[in-house]
Each structure stands twice: as C-alpha cells, then as structure tokens.
Amino acid sequence: MGKLFGTDGVRGVANKELTPDLAFRLGQAGAYVLSKEHPHPRIVIGKDTRISGDMLEAALIAGICSVGADVLRVGVLPTPGIAYLTRTLKASAGVVISASHNPVQDNGIKFFSSTGYKLPDAVEEEIEDLVHSHEKPWAIPVGSEIGRVIEIQDAQRRYMDFLKGTVGSLAGIKVVYDGSNGAASHVGPQVLRELGVEVIPLSVTPDGININAGCGSTHPEVLQQAVIEHKADLGLANDGDADRLIAVDENGEIVDGDFIMVICALALKAKGQLMEDSVVVTVMSNLGLHIALKEAGIRVYETQVGDRYVMEELLKTGARLGGEQSGHIIFLDHNTTGDGLLTALQLLAVLKEQGKPISKLAAKMQRLPQVLINVRVKDKKKAMENPYVFQKVEEVKRFLGERGRVLVRSSGTESLVRVMVEGQDHEQLMGLAQSVVDIIKREEL
C-alpha cells in the first residue's frame with residue numbers, strides 16, 4: 001500500500017490492500033505505541049456497517065489482545081461516538097473501522113488518542129514504522145496477561161444521551177433524515193425523535209453492502225426530492241461513519257458545510273458565544289463564506305484540507321468552531337472531531353431559536369460559482385509535481401487575478417486529483433477547470 005497513513009488513517013480495498021494481516025499488525029503496533037503510559041491499557045473499538053468490518057475487527061482485536069491490552073468493543077457506532085467514548089470510558093486509545101463516505105469495498109482503520117483527538121503525524125509514523133519493521137519491541141504476554149474483550153452494551157445509549165445534552169427540545173420541526181445505511185442508521189433517527197423532531201427516515205436499513213450506495217451526504221438527490229414531497233422543514237444527511245453532515249433546505253436546495261458554519265457562527269456570535277470571534281475553515285471553503293463572516297466581524301483562519309488540520313488550527317487559535325465544505329464540522333466545546341449528528345442538532349437548535357426557514361438563514365451567505373472536477377490518476381504525487389500542470393494552473397491564476405482562484409490538490413484517501421476553480425462566471429469557470437483537467441489527463445498517457 002505504500003505509505004499506510006493518509007489524512008484519515010489507513011484506507012484501502014478490504015481484504016486486498018487492507019488485509020486481516022495488516023489489521024492484526026496495526027492492532028499490535030497501535031496498542032503498543034498508544035499505551036506506553038498505561039500498565040494494562042484499554043482500547044475502544046467501533047465500526048461502521050460494512051461487510052468487511054467484522055473481519056477486520058476480529059483481526060484488529062487479536063493484535064491488540066496479543067500485546068496485553070484489553071478491548072472495549074462498542075459495535076456499530078458513528079466515528080465521533082467512538083471518540084466520545086474513548087474519552088469518557090477513560091480508555092488509553094480508540095480505534096474506528098470505517099472508510100467514511102467511500103464505497104463498500106473500501107475500509108479503513110483510524111486511531112484516536114486517549115483524549116479523543118486524531119493522532120499527530122509523528123505518532124502515526126511511529127506506528128507505521130513498527131508495522132513495517134521486523135523488530136517487535138513489546139513483551140509477549142501469556143496467561144492472565146493476555147488482553148480481554150469487554151462488550152460495552154450501552155454504547156449507543158451513552159452517545160445519544162451525550163448528544164441530547166447539547167440542545168433543548170426540538171419539537172415542532174419536521175425532518176427527512178438520510179443515514180447513508182451507515183453507522184448512524186439507528187442512533188440518528190432515534191436521537192432526533194427523542195428530542196421531539198418528526199422524522200421521515202431514508203437509508204437507515206444497512207445490510208453490509210448498501211452503505212453510501214446512492215445515499216447519504218455524498219448523494220443527496222433522493223433526500224432533496226423527499227424534502228419537497230413530504231413538505232419537511234429540512235433534510236439532513238450523514239455519511240457512512242456520520243462524521244459529516246449536509247443539509248437540504250425546504251425548497252430542496254443543498255446547504256453544505258460552508259452554509260452550516262455561517263449559520264452557526266452568526267447565531268453563536270449574536271449570543272456572545274463564538275470564542276475568539278473566529279472560525280477555522282479549509283482552502284476549499286467558498287469565498288462567499290469569507291465575505292459573509294468578515295461582514296459580521298468574524299475572523300476566518302484558513303488551513304489545508306482535512307479535519308485533522310482544522311482541529312490543529314482550532315487548538316492553536318483558541319477558536320471553537322471549524323470545519324469543511326464537505327460537512328465535517330467541529331464544535332470543540334462538545335466533541336473532539338467532526339460530528340454529523342452533533343452538527344445536525346446545533347443547526348436544528350438555531351432553526352428553532354430563530355423561527356426562520358433554513359433557506360432564510362442560509363441566505364446570509366452568497367455562494368460564488370465554484371467548479372470542482374475530480375480526476376482519477378495512477379500516481380497522485382507525479383500528477384501534482386508535473387511541470388505542465390503547474391504551468392497551466394499559474395496561467396489560470398493570472399487570468400482570474402483577484403476575481404477568483406484555482407486550487408489543485410490530491411485526495412488524502414483516494415487516487416484522485418481535485419481541480420477547483422472559483423469566480424464570477426460559471427460557464428467560464430467550467431472551461432478553465434477543464435483546461436487544467438485536460439493537461440492532467442494528457443500527462444497520464
């Protein structure tokens with residue numbers, strides 16, 4: 001697989017790239033590195049609904065127990081729920097088996113520290129070095145020193161109670177909820193109903209194969225139609241591991257992470273609760289977000305793509321709200337990672353407080369036209385370093401000047417290069433983006 005850790009843990013095609021053997025070795029190395037401070041460590045493990053989850057979980061657990069660590073198994077649970085339980089169960093570390101919004105054949109393994117944060121690059125590198133190394137620095141336990149598996153039967157209930165504690169009653173709101181047949185398929189509709197929301201559920205019947213299949217935050221088309229058909233106040237869509245949220249307004253229009261951050265930031269600022277009067281976003285956020293927040297006296301910090309980098313900037317600046325256009329949004333006062341259900345509840349709370357339709361709240365931001373084209377490539381690094389691609393990007397930058405921007409970046413989790421162009425005229429932007437894409441494709445031949 002080359003370098004194991006990407007921007008969101010280890011990802012690959014399950015049983016081909018991410019094999020049980022690799023999961024076993026990651027379990028051993030991860031447990032050893034993350035548990036050095038603990039004499040008999042305990043590690044939380046959870047997963048999404050993919051068919052390969054059971055296989056990889058079994059291998060991972062075997063690796064962890066073989067170095068003398070106990071496993072706290074929480075079963076199917078959203079990624080942010082696993083981060084929350086890692087903290088509150090006072091575990092030494094947490095592990096999520098999920099490939100988030102990726103298709104069913106993929107899976108992933110992602111570690112959390114004892115505080116519920118994603119691991120720093122240096123710690124991931126230490127784990128990776130051990131996975132590749134023939135040296136095994138840990139002692140081999142026998143007898144009573146081998147790790148046990150402890151089932152956490154009420155894991156979903158604990159997470160739902162935490163979520164409910166962040167807002168008041170949401171009675172009177174009608175929502176179409178799309179669980180992407182993923183980790184939030186049960187807890188999503190349940191927590192909404194317990195808060196008084198009228199819920200029309202979509203894609204909440206996982207069968208191991210249908211996760212993210214034409215549903216969820218990356219495929220909101222069915223949700224858009226359902227919101228209009230049911231005359232709902234809004235639609236909410238999570239992805240496979242429910243660490244992101246995309247909303248749909250009452251007219252069936254997409255309300256992405258940029259709009260959600262603007263809505264929540266303005267509401268928090270109005271109540272004097274926006275720490276540092278600041279928000280952290282990535283370079284992919286629309287220029288319209290920058291304009292809307294600047295007009296409200298809110299400072300915007302920008303970082304590279306990846307919610308781990310958003311988190312680092314939040315900790316550095318003292319801001320408490322940050323996220324990505326894709327819907328990874330971090331409310332640091334409540335949780336240590338992007339949390340799709342938490343974000344949904346905060347958004348619904350603003351809706352209830354202000355008594356306005358979500359389309360009116362979203363109108364505070366005017367989105368500038370933006371074109372994003374994903375190009376599948378054999379070698380991301382080679383494509384990104386190609387001089388002809390660089391030359392074309394510089395040409396587009398000069399043409400746009402201050403009227404827009406162009407951004408070319410490689411995906412952290414897939415073999416893709418993303419070309420994003422933003423400006424005033426959509427048709428013109430399509431042509432500019434395509435001109436960059438054409439060079440990337442030409443150089444692939």
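Quick reminder: no glycine exception, Cβ is built from N, Cα and C everywhere.
Swiss-Prot names D239, D241, D243 as Mg(2+) ligands; from the candidate set S92, S100, S113, S114, the record adds S100 to that same site. There are 30 other Cβ atoms within 10 Å of the Cβ belonging to S100 (Mg(2+) binding site). Note: the Mg(2+) site is recorded as S100, D239, D241, D243; in the same chain, D48, P78, T79, S98, H101, G182, A183, N238, G240, A242, R244, G338, G340 also have Cβ atoms within 8 Å of that site's Cβ centroid.
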